[in-house]
Amino acid sequence: MDQAGRGASAIDGGNFKLAVTCYTEAIAQNPQAVSYYIQRSKAYTRLSPPDHQAAFHDAELAVSLATKRAKRELIADSQLRRAVTLFNLERYGDAKQCLWWVKKLNEKEKTLAIWEMKAETKLKGLEDGDERGKVTVEETPNVEVPKAVVGKKSAKEAEKTAEASASTSTTTNGTKEAAKESTAAVQSEGVQTPPSKIRHEWFQTNDTVVVSLFCKGIPKDKTTVEIKQDSLDVSFPLPTGSDFNLSLDPLFAAIDASASSYKIMSAKAEFTLKKSTPGQQWANIEGAHPASTEETSADGDDTVKRAVLSDKSSNAGPVYPTSSKSGPKNWDKVVNDLSKKPKKDVKEGEEGASEDAGIEDEEGDPTTNFFKMLYKGADPDTQKAMMKSYQESNGTALSTNWADVSKGRVETSPPDGMEAKKWDQ
């Protein structure tokens, strides 16, 4: 288990001093992880005695980092944490202001009404001019975010690599031009794929879900990866100065974050998520937000969440890799439904006889007949999408969305438990 996982376990077990230590070590390794600051802030609040000032500082860092990543939900969570710490510091006017920012971002936040009521009650009890009722905070705090220690080490290693490569090239070729080319190659490291062409796909096995993010030159030392029980968040800087963010939140089903892993390669990053329920078939990579009830704990700090999740497990057949947000189409069910479609009582030659008779009237395999009917009745763009996706994917994918298919080649996507191989001609 990593330090963040140990910190979470320490909070659950009531060992808040250990939680602070674990999250401090986790932050040293990954100082861009917003959730680490939020969790350490909670741990500071629950210490005996509590360290409200340290908790507030962590909340400010969380807001700053979340704003930089431009992730709406993360900003709302950070601002809520900031409001709680300000309330504990008796800065009720500032707390109310932060709650207003939370409401602007996520008015459905379950604990928002409770904290607004608490802040209003405190403010009504203050006399005019009381410092505790004044608003002094800014929406984005001006705080210095810690820099990654790993990133500095990587920079030094890159310099050494450049020098070594230059030396080798000069000795081998006897020219300084080769040395310059080698040094330039090292300096050009970074994201090389245009942002519009960065994409992700996923597939699953019995025990895991694998997410592949296709992008050349992902910087290992500057990439932030947060794997939680119900989400995956990835962020790294782009040459344009902005950040690329991939947020799969919530995931279709729970995962074992401590047993999950990832690796960053030259042309892609791969995230292996361990299923909490082995054998459960995911219909999509993302799921719906669960209905939940929340209540504020007695110490006025944390939120207890009771989520009601629907059972998405099924005995469905193999699920093919897909990047579709709506999830893979269950063609077997479609064919079965149409096969069972009752025939209309029409005579041959009457209008609608050929279209409404169902696919049972055709000879041969019902699945093949269904796709023939689908193709025949489609518009030209849909027909082009079907032909292009089927041919380019070697029969492993069928899309009806020409706007998506026309963007590039449709890759071969073998079903679960199989792999694509090239045959020698």
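Cβ from N, Cα, C; glycine included.
Region 'Disordered' is the annotation TrEMBL gives to one range among 106-145, 226-265, 386-425, and that range is 386-425. Sorting each residue of the domain 'CS' (195-286) by its DSSP state yields 6 helix, 49 strand, 37 coil. Mapped onto DSSP helix, strand and coil, the compositional bias 'Polar residues' (390-403) counts 5 helix, 0 strand, 9 coil.
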